[in-house]
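**Student:** Structure in structure tokens, see below.
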Amino acid sequence: MSARAARHGALHLASILVGAAIVVPIVFGVLGGFKDNGQLFTNPFGLPDPWIPGNYTDILGSGAFWRQAGNSVGIAIATTVGVVGIGAMAAYIFARYAFPGRETLFTVFAIGLMFPFAVAILPLFVLLREMGLLGNPLGVVLPQIAFGLPVTIVVLRGFFRGIPPEVEESAVLDGAGPVRFFWRILLPMSRPALGTVSVLAVVGSWNNYLLPLIVFNDSRWWTLPLGVQQFQSQYSADTARILAYVTLAMIPALLCYAFAERQLVGGLTSGIGKG
Amino acid sequence: MVIIERRPAAPARPPVRSRSRRRRPWPTIVLFLAPALLLFGLLVLAPIVVAGYASLFTWNGFGVPTQFVGLENFRRLLTDEIFAGDLRRTLLLVTLSIGIQLPFSLVLAMLLNQPLRGRRAYRLVFFAPYVLSEVVTAVLFTMIFSPNQGLANHITRLIGLGDLGATWLADPDTVMYSLFLVISWKYFGFHTLLYLAARQSIPPELHDAAATDGAGPWRAFRHITLPLLGPTIRISVFLSVLGTVQLFDMVWVLTGGGPIRSSETLAVTMFQEGFKRFHVGYASAISMAIFLISLFFGLLYQRFVLRRDLEGAVTTMGDRR
């Protein structure tokens with residue numbers, strides 16, 4: 001019994017140590033934002049003394065932060081609606097219709113899982129320039145949709161296949177065409193899978209950096225990652241202020257995570273975790 | 001990004017179709033597939049073709065490429081010391097990830113699988129960095145590694161290492177290890193969670209039976225848990241390698257590739273050449289190199305390593321029919 005207790009203690013200790021390694025940098029950021037640079041130098045670990053909310057209030061009072069957050073939200077929503085809608089339509093065909101070349105086409109999409117923005121960014125830049133989409137949020141949204149399609153299609157096809165064919169048969173007998181079946185029956189039945197791919201799309205869009213970096217020259221459309229980096233180079237000597245900005249930029253992502261943890265984790269481990 | 005489809009063990013259910021009901025499926029197929037094909041073709045496939053084409057030219061990115069040089073850009077790439085350095089650094093990060101980060105994640109997943117108070121809270125915390133953007137993470141750690149006010153140096157001083165780590169990101173000898181530290185901070189939770197999910201889907205009867213037969217925890221781990229985690233480990237290695245080959249955001253913000261290019265990655269070199277120096281032809285050749293490395297690795301890995309998983313041979317304990 002005591003050996004078990006010891007093992008249990010070691011377990012706790014290890015978990016706490018790792019948890020601390022994760023949390024300490026974040027707490028350093030949050031508290032650092034409430035200090036000034038002198039305090040950061042002399043008192044990096046402790047609570048701020050005195051608390052200086054100025055860094056936070058300055059940022060929250062500036063239009064730039066809110067504009068960037070708004071841009072991030074708008075672009076994330078547009079991307080998610082687009083990629084889930086278009087991806088679901090394609091996944092429906094891949095799951096339910098047989099036609100020559102279907103598997104080849106699906107494989108092309110699946111290989112797309114391996115394409116990162118980094119590979120395509122140069123020609124993408126050239127293409128977007130030709131299409132007049134530089135400086136336009138569509139220049140970020142459309143490529144994000146395109147690059148998000150593989151994961152969306154792969155997940156949704158798997159889910160759609162699991163829905164019994166009898167459901168579709170009876171819908172067709174009741175006179176529903178494919179569009180009606182898709183819209184009124186298939187999508188409502190697929191809420192869990194749609195939730196998963198939506199969360200993936202939101203997180204992907206929210207965190208994207210390279211694409212907005214090359215598309216938006218003008219700070220009007222900047223998203224939070226661009227704003228954070230720009231803020232860092234602008235105030236490079238003012239560590240406390242940058243920490244406040246980083247903290248404020250972290251909060252939406254962490255809140256969203258706390259809210260949608262199951263969906264996100266379920267999505268990431270689905271298909272892998274079964275082993 | 002992350003999800004790999006596992007082929008079902010049983011043959012896929014044939015789609016329901018009867019001649020009388022769906023006489024003309026083609027309009028539906030075209031209607032539903034067209035938007036995806038259009039966007040994917042135009043914005044994912046076409047750029048890769050364009051990159052392949054542009055890599056054959058000396059081109060500054062403006063107008064139409066005219067100065068055809070054939071494979072000259074690739075020849076130059078193979079003799080380029082910076083490119084060779086990129087490959088070495090990628091290999092270093094891959095080695096560190098597979099050798100340190102993933103085993104660490106595995107151990108942690110096994111810990112979290114034990115009955116432990118607050119297990120759910122630990123899970124939440126370990127995974128949290130994964131949702132932060134690489135840029136936000138990088139800026140935060142730039143501050144942590146800052147020579148004067150940063151946390152890192154305070155910690156080394158506190159544990160008696162003095163200013164050993166005064167130059168985390170500023171010293172060519174340490175920068176890659178600091179980078180690895182940040183990458184691990186952000187991603188180990190993701191791998192831990194994959195392993196944990198896989199561990200929890202192993203039917204408990206197997207471990208019960210092993211315990212009854214007198215197997216200790218180590219033997220049970222070695223002969224039951226580890227083999228059954230195989231597919232998950234292989235996929236996590238796959239994701240880790242691809243992620244490393246394509247690394248950009250984190251490095252660009254954390255170090256910009258410096259000092260003196262000692263932390264430059266393939267994608268950073270590509271970005272420098274393409275967007276800073278306007279050597280678009282040469283940069284396209286680097287893009288193609290990243291693409292080909294990813295593709296070759298991906299295909300070979302799927303062919304030789306993931307194949308048995310995809311065939312569902314060892315993996316589908318739960319739904320073997």
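The backbone N, Cα and C atoms fix where each Cβ goes, and this holds for glycine too.
Pulled from TrEMBL, these are the listed features:
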TRANSMEM  A:12-34  transmembrane segment
DOMAIN    A:69-260  domain 'ABC transmembrane type-1'
TRANSMEM  A:73-94  transmembrane segment
TRANSMEM  A:106-128  transmembrane segment
TRANSMEM  A:140-160  transmembrane segment
TRANSMEM  A:193-216  transmembrane segment
TRANSMEM  A:242-260  transmembrane segment
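For the listed features, I'd like the structural context: burial, neighbours, distances.
**Tutor:** Same-chain residues lying 6 or more positions outside the transmembrane segment (A:12-34) and placing a CB less than 8 Å from one of its CB atoms are 40, 44, 47-48, 51-53, 55-56, 239-241, 243-248, 250.
Distant neighbours of the transmembrane segment (A:106-128): 90, 94, 134, 139, 143, 147, 149-151, 153-154, 157, 208, 210-211, 214-215; these residues of the same chain sit at least 6 beyond its ends, with a Cβ under 8 Å from one of its Cβ atoms.
Beyond its flanks by at least six residues, the transmembrane segment (A:242-260) meets 26, 28-30, 32-34, 55-56, 58-60, 65, 69, 72, 195, 199, 202-203, 206-207, 224-225, 227-228, 231-232, 235-236 of its own chain at Cβ-Cβ distances under 8 Å.
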